[in-house]
Every structure is written in structure tokens, then in C-alpha cells.
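Enquirer: Sending over a structure as C-alpha cells; questions will come in a sec.
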Amino acid sequence: MRGANAWAPLCLLLAAATQLSRQQSPERPVFTCGGILTGESGFIGSEGFPGVYPPNSKCTWKITVPEGKVVVLNFRFIDLESDNLCRYDFVDVYNGHANGQRIGRFCGTFRPGALVSSGNKMMVQMISDANTAGNGFMAMFSAAEPNERGDQYCGGLLDRPSGSFKTPNWPDRDYPAGVTCVWHIVAPKNQLIELKFEKFDVERDNYCRYDYVAVFNGGEVNDARRIGKYCGDSPPAPIVSERNELLIQFLSDLSLTADGFIGHYIFRPKKLPTTTEQPVTTTFPVTTGLKPTVALCQQKCRRTGTLEGNYCSSDFVLAGTVITTITRDGSLHATVSIINIYKEGNLAIQQAGKNMSARLTVVCKQCPLLRRGLNYIIMGQVGEDGRGKIMPNSFIMMFKTKNQKLLDALKNKQC
């Protein structure tokens, strides 16, 4: 049963929206399913707001503010079907007009802080299923200068020579659940970006699966260019960009929260040496990892021994499907969707719902050879950064169902 006290703020907000619209039209605003919105400011709302929104709908609003400005979106009211993972009825907010860089997903009555795009476009999408419904949502968008109170917003474009960024509610309260913030830092072409976290407290997890901060070289979320993924209460070591752009992504799930963080950046001349770290989580110390050498990669590419014989000498053992591969610096970097994990060790495992994956580095890019879309049994070592390390003598073979019984038996083996 929805609380009657929700109607008081709802009515006040509707009255405010009505008053604003009367400056242009004497009629009360009518909220429809999606639309194209341009200008300095305006309101969007679920279809029929403040009435109950219809079932089985998908509505998309595309917002554009003047060039050179960013979009700031403030939810004034939200009442959607509640679910811990927002699987049924939800509102998604995207950077730009495509389903690429999602800033956040929201449901229930949780009202997030201000959401900011990195450019002059933002997309809002609401999806409802066939069952429980609520009164929907109403939000106000406005145009702002890229740096206007930038450290108070959740994300945005940062292009001044120095500045700060912090989690919503910092330092007064814990950051809210269910938020994604994306800060895009852009320096002049001939400069680099140095990044430091002053205070840092994000929900701890061995693999940073729930709440985390990820830092990327460039201007987009791209796992191949990820510098690090961080959680816990130890500030990451200072980071220096490879070029003139960094992207910082903060994500909190819908459960535990923590104090949050504040970080600072400064531009510096490109001529200084850089010390960009390899991808890490705060659970593990920083490492440069193994590098391919002529001597190492001239070894015979041939596995030796058996499944049983290699089990105890391997840090991790898994069966999985290779889903992405990229060659960089003479090594192959692969993402493997895990079918089953038999020995985990310190391997960093990412989890999205029921799907688990791990990132592996084949130090010599073609030895052993991994092909995208194929299933393998993979045994290897784990670097200090949590990535699997596959050497020329690592034990890898095609995964077949008949191997399952033996692997299950090895899982209980005492080494």
C-alpha cells in the first residue's frame, strides 16, 4: 500500500511545474511517453504523471541544452515498483543520446542526487513491466556551465587546470545507494592529468564487485584502457594519465554504503615522465606485471603434463568461454566468461547478476593461443594485480563435458 503522505510533496511539485508552464501556456502540463526536449530548462515526467503509469511501456526522453553547456537532472519525485536490483520498473539515465554510458538506474522511492552529463545531451528511459505500478517520476533538467559548482554534482565534465570531485553527500553523510557518477577530465592536448584521492572509503569487497571507483585512460568506459578498480578504505596511489583525458566512474549498488571519497586533479606538462599503473584493485599491491621477452616467447608452445599433475601448481583453475580479446604491448588481454571455477586463489572475479568473468593476460600473445567464442580449461598463475597470467608452459585445453567429472573431483583435492 502506497503511503498517503507521498501525495503532499507530489502535489507541491506538480503545482510548481504547472506554474512554470503557465508562463508559456495556460494549461496544466501533460506528461506523455517520451519526447525530444531542447532549451535551458524543463520538466519531464512519466506518462500520465501524477497518475499511475501504464504497464508494459518503454518511454525515452532525449534532452539537449545549448552547445558548450552540460545537462543537470534533478529528480523531484520518484515512485516506481521497488526491487533490490531494479529489474522490473526502472528509470535509466544516459550520457548522450545513445544507450552507451549509463549514469544511473533508479526504482522504488529512492531519489538520487543531481546527475550531470559530460556534454550537452542526456537521455532518460523508463521501462515498466506488466505488474505492480506506482505514481512514476518527475524530474527537472537545466543547463549549466561545465565547471559551475562541478564538485557538488554527481559527475560531469572537468576541464579547468585543477579541481576536485567527490561522492554525493560528502562529507556530511554516506553516499547513496544505486548511483553511478562519471567524471570526464579533459586537459589541453599537450598536458597530462595527475589524480590523487585525499580520503577514500568505499564498500569493501575482495574483488570490488559491489561499490567501486574505476579510472580509465581516455573519455569512455573501456576495460582495455582501465587503469584501476578500487574499493575499501585505502586511497589508491596517485595516477597519471597516458594522454590528456581521464574518465572516473563511481558505482554504488543497492545495498551497503560508506563515507565515500574526495579526490583532486591537476594538469601538468606532457614532457614529464608518466607512471601510469597497471589495472589493480585496492585488495592487491600495485605491480607492473610480466612483460613478454624474446627469450620467454621463443619457448616451445606446448603444454606438458595432465589436468591432475598441473592442478596443485596452478594458482587458479577454471572452465570458461573467451568473450573478448585485445592485443597490447605484445600480450593478449582476454576476458573469459566463467562456466565453472575449480580453484580461485587470488584471481579477481567480476560478477554481474549470475554471470561471472575474469580477465587474463596471455603474456606471449600467441602462446598458448586463445580464440574468441571457444570454451577452454585454463590453469595459470595470478599476478599481484588479480589478473590471471598465462605463460607459454601454462596448461590449457579445450573444455569438453567429459572433463567435468574429473574437474569436480580435483576441486576437493588437498594440495
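Cβ coordinates come from backbone N, Cα and C, glycine included.
Bear in mind that the values here come from a model prediction, so they are computed numbers and not experimental data.
Copying in the features that Swiss-Prot gives for the protein in this structure:
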DISULFID  Cys33-Cys59  disulfide bond
DISULFID  Cys86-Cys107  disulfide bond
DISULFID  Cys154-Cys181  disulfide bond
DISULFID  Cys208-Cys231  disulfide bond
DISULFID  Cys297-Cys364  disulfide bond
DISULFID  Cys301-Cys367  disulfide bond
DISULFID  Cys312-Cys415  disulfide bond
DOMAIN    33-144  domain 'CUB 1'
DOMAIN    154-268  domain 'CUB 2'
DOMAIN    297-415  domain 'NTR'
CARBOHYD  Asn355  N-linked glycosylation site
SIGNAL    1-23  signal peptide
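Could you place the listed features in the three-dimensional structure?
Expert: The Cβ neighbour count for Cys59 (disulfide bond), using a 10 Å radius and every protein chain shown, is 22.
Residue density at Cys86 (disulfide bond): 21 other Cβ atoms are found within 10 A of its Cβ, drawing on all protein chains shown.
The Cβ of Cys154 (disulfide bond) lies under 8 Å from the Cβ of Ile103, Pro112, Gly113, Ala114, Leu115, Val116, Thr167, Pro168, Val179, Cys181, each of these being in the same chain and 6 or more residues away along the sequence. The DSSP secondary structure for Cys154 (disulfide bond) is strand.
Reduced to three states, the DSSP call for Cys208 (disulfide bond) is coil. Other Cβ atoms within 10 Å of the Cβ of Cys208 (disulfide bond) number 25 in total over all chains.
Cβ neighbours within 10 Å of Cys364 (disulfide bond), excluding its own Cβ and spanning all shown chains: 21.
Of all Cβ atoms in the protein chains displayed, 13 besides its own lie within 10 Å of the Cβ of Cys301 (disulfide bond).
Close to Cys415 (disulfide bond) in the fold, though at least 6 residues off in sequence, lie Tyr311, Cys312, each with a CB less than 8 Å from its CB.
If you average pLDDT over the domain 'NTR' (297-415) in this model, you get 82.
DSSP assigns Asn355 (N-linked glycosylation site) to a strand segment in the three-state reduction.
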Enquirer: Can you tell me whether DSSP puts Cys33 (disulfide bond) in helix, strand or coil?
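Expert: Coil, per DSSP.
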Enquirer: Through the lens of DSSP with three states only, how would you label Cys364 (disulfide bond)?
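Expert: Cys364 (disulfide bond) sits in a strand per DSSP.
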Enquirer: Please identify, among the disulfide-bonded residues Cys86, Cys107, Cys367, the one with the smallest Cα-Cα distance to Cys208 (disulfide bond).
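Expert: Result for Cys208 (disulfide bond): the nearest of the disulfide-bonded residues is Cys86.
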Enquirer: Listing them in sequence order, which of the disulfide-bonded residues Cys59, Cys107, Cys297, Cys364 have their Cα within 10 Å of that of Asn355 (N-linked glycosylation site)?
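Expert: So far as Cα distances go, none of the disulfide-bonded residues lies within 10 Å of Asn355 (N-linked glycosylation site).
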Enquirer: In whole Å, note down how far the CA of Cys86 (disulfide bond) lies from the CA of Cys231 (disulfide bond).
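Expert: Given the Cα positions, Cys231 (disulfide bond) is 23 Å from Cys86 (disulfide bond).
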Enquirer: Under a criterion of Cβ-Cβ distance under 8 Å and sequence separation of at least 6, what residues of the same chain contact Cys107 (disulfide bond)?
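Expert: Residues satisfying the criterion: Leu80, Glu81, Ser82, Asp83, Cys86, Tyr88, Asp89, Phe90, Val91.
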